[in-house]
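In what follows, a single structure is set out as structure tokens and then discussed.
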């Protein structure tokens, strides 16, 4: 789910990141972005 994406994904400080994107899409969201090394999912 969405929280697991945030918890397990390390990413670049800013911008899109492939693993976040994949995880967020599996959680049913449109895309994932990075903010300060954490994934954020965009519904």
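Even glycines carry a Cβ here, placed using N, Cα and C.
Copied over from Swiss-Prot, here are the features:
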DISULFID  5-23  disulfide bond
DISULFID  11-34  disulfide bond
DISULFID  20-39  disulfide bond
DISULFID  24-41  disulfide bond
Secondary structure of residue 39 (disulfide bond) (DSSP, helix/strand/coil): strand
In sequence order, the disulfide-bonded residues (5, 23, 24) whose C-alpha falls within 10 A of residue 34 (disulfide bond): none
Residue, out of the disulfide-bonded residues 11, 20, 34, 41, whose Cβ gathers the largest set of other Cβ atoms within 10 Å: 20
